[in-house]
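Working notes, beginning with the structure itself.
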Amino acid sequence: MGLLSLLKKLRSNPEQELRILLLGLDNAGKTTLLKSLASEDVSHITPTQGFNIKSVQSEGFKLNVWDIGGQRKIRPYWRNYFENTDVLIYVIDSADRKRFDETGEELSELLAEEKLMGVPVLIFANKQDLMNSARASEIAEGLNLHTIRDRPWNIQACSALNGEGVKDGLNWISKNIQRKKK
Amino acid sequence: MGCLFTSPYSPLYYLFPPAKSQSLEEQPKVYSWDVRERVDPKDYMIENKQNDVFIKLPGSINGMQFIIQNLENCVVYLFDNVAQVSIDDCKNCKFFIGPSKGSVFIRDCSDCNLATVCQQFRTRDCKRITTFLSCGTQPIIESSTSMKFSCLTINYAQLTEQLKNAKISIFNNNWNNIHDFTPVPGELNYSFLSQTYQLIDYVPLPDKFTCNQLKLTFSKTDTLIPLTLGISNRPTSESVLVVYFPNDSTDQAQQNQEIQASQLINEIKNNYSHILLVQAKKYNLSELSAENVFGTKSFNDYLKNGPIIGLEFNGNDASRQCHELVESLKLKPVFVSCPSSNLMHQIDTFYNFADMQMSV
Ligand SMILES: Nc1nc2c(ncn2[C@@H]2O[C@H](COP(=O)(O)OP(=O)(O)O)[C@@H](O)[C@H]2O)c(=O)[nH]1
Ligand SMILES: [Mg+2]
């Protein structure tokens, strides 16, 4: 980000408001993550038909999190939400090995999107509490994350259900955004 | 792992190695899954089988994830708690899946019959699946055709405890409210089974020994999960709404509330066969919504104690019989609707608030 646009951003958003886009396949745990970020009950979550938005306060940032439904049929609509994204969070069901290819393809397509160019991406390797879950390092390797060169990225193991690891992902975001300021 | 600036994979890492303090900070943290006991995934999987029967008894899965894939002509019973279940690439199979704390997700299956109670129900790329369902949220289907749904009816010795472990209430079943992500104009990808069919017509009971051991029944009369008609299926124009509130915020009060609701359902089932339960809902109602539904503030004090349980019955004279029964059972605190031109609107409002509270 250039210095001028950065200053502009800082001036218009004195308390650093961030627009976060939450994407991933259906059943990955996006909505559970959204509710867990907002410290709400996560035991009765309905599959998302459109999208959900929540504002969450974290480490001096105001996060405006957009959680978009992930069914195959509605993935083409993801692009309607790309504009002005500060951080992309991509959620993976680490225990659903059958769909690792599908989720990898969707992620590569997202990273190739012009409107998301340079946008930092945090990948949550979710559902680590499940017995069949692949480790974050396995997923990183399978998805060839190390080939990402055009943006900051990070993969974080977590369980949106019991909250473990979620905070560490947020920490990465806040550090990373602060780095943008320099 | 790292970002562009700190990832050891990144070429920039070598130009700007992280400062010492930072690398200390980023020392690997130990999570519960790093130290948990490793299990053999094969113990929680049934795959690549034909013409066979599999029974998992209570205590054999203990709330773990379960995977079913690539079966043909098989019957599978999971009489235990599961975390989530995926059923992939199965043909001509029959399943019972016990209380699932998370989703039951069926993909690339055809000609299967299924009975399950779960928090979420999802299908994709399926054909001709008949499901007897109890689902805590709205079931969804995608790219699936000739799907049929009915209300799950079942009981066995450990079911109450397993439902509790899965945080599933028998008073919140949305089997009749399907969302289709891929509707086809002029066609219906799903329909509801006629009430003349029962579970046993679609999923056979297991062997006698197992049935006895579990005290298993699929019958509509002995089911623990209330048999509901669904709101698209009201037989008459006379409905009545009965709502139970928890007396205080203790577990005991919530238990009493559930017992009372069950008692009313059973009394009606046993004495008035022409009055049927349309739907049950359990959810947290806000004060403002409550005033809207009940037309009075007098129930507001109970709302903070916990979720309410609402039951809609339908049938000739349903209103009078419910008033009498509730009176004679001396169950309190309770609301029973009065016949009025506004009643159906009142009931719709009650369901709408439930749906609103269920969405994020
Ligand atoms: N065991 C486990 N289940 C999870 C976790 N995160 C989400 N789930 C479950 O996965 C299912 C799908 O979650 P949901 O948030 O609706 O996924 P979405 O489609 O990506 O929004 C639900 O049944 C959740 O309870 C997790 O970390 N661990
Ligand atoms: Mg969702």
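Note that Cβ sites are derived from N, Cα and C of the backbone, with glycine treated the same way.
As the structure is a computational prediction, the values presented were derived from the model and not from experiment.
According to TrEMBL, the protein has these features:
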- A:G24, A:L25, A:D26, A:N27, A:A28, A:G29, A:K30, A:T31, A:G70, A:N126, A:K127, A:Q128, A:D129: GTP binding site (BINDING)
- A:T31, A:T48: Mg(2+) binding site (BINDING)
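Following the DSSP three-state reduction, the secondary structure of A:K30 (GTP binding site) is helix.
Put simply, the two farthest-apart Cα atoms among A:G24, A:L25, A:D26, A:N27, A:A28, A:G29, A:K30, A:T31, A:G70, A:N126, A:K127, A:Q128, A:D129, the recorded binders of GTP, are 22 Å from each other. Less than 6 Å separates the Cβ from ligand 2 in the case of none of the binding-site residues A:G24, A:D26, A:A28, A:K127, A:D129. A gap of 8 Å separates the Cα atoms of A:T48 (Mg(2+) binding site) and A:D26 (GTP binding site). In the three-state DSSP assignment, the secondary structure recorded for A:D129 (GTP binding site) is coil. In sequence order, the binding-site residues near chain B, meaning those of A:D26, A:K30, A:T31, A:G70, A:D129 whose CB lies under 8 Å from a CB of that chain, are A:D26, A:T31, A:D129. All protein chains shown were included, and the count of other CB atoms within 10 Å of the CB of A:T48 (Mg(2+) binding site) stands at 20. The Cβ neighbour count for A:D26 (GTP binding site), using a 10 Å radius over every protein chain in view, is 23.
According to DSSP, A:G24 (GTP binding site) is assigned to a strand segment.
For A:K127 (GTP binding site), the same-chain residues 6+ apart in sequence whose C-beta sits under 8 angstroms from its C-beta are A:G29, A:D93, A:S94, A:A95, A:D96, A:S133, A:S159, A:A160, A:L161.
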